[in-house]
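Q: There's a structure below that I have some questions on.
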């Protein structure tokens, strides 16, 4: 059994090695079914990847290059007899379409989620920044009032030291009389 598999592998390797150097006429002669072969898809496909079976009204083994010459795509059987090439092409196109739709849907979903995440993240960042600014503002106001109170206390000390009356900030004293000014 192992010898049979080995011989088949060697034979198939020599067939595929020869196919690269074959001319079109060589491929045509190679794919023709002899009188000893049964005119079926299996015997044609068994010759290797150089041949394809053209079913329908033609029912013959033909050489394959990169297209299917002289045969309607509906009737082509290549590599396996139970799958029509046109059906395989349709199934592949449908699967590719489904995959593309799924990919586009995933991209749209991810973009929407990313946009929503960014919006929420920016709002949170803005709130954090506003809170930080409010904290800074209250700290500055507190420092300003402390410095203002310290200046007032220092001015009161100087007024007491030199015997001046308390000023209301407009250049007049709180107990202002006309006797303080000489005319």
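Each residue, glycine too, has its Cβ placed from N, Cα and C.
What TrEMBL lists as region 'Disordered' is 133-154. According to TrEMBL, the signal peptide annotation covers 1-17. The transmembrane segment annotation in TrEMBL covers 87-112.
Tell me what's around each of these sites.
A: Remote same-chain partners of the region 'Disordered' (133-154), defined as residues 6 or more beyond its termini with a Cβ less than 8 Å from a stretch Cβ, are none.
Within the same chain, residues 73 sit at least 6 positions outside the transmembrane segment (87-112) and bring their C-beta atoms closer than 8 Å to a C-beta of that stretch.
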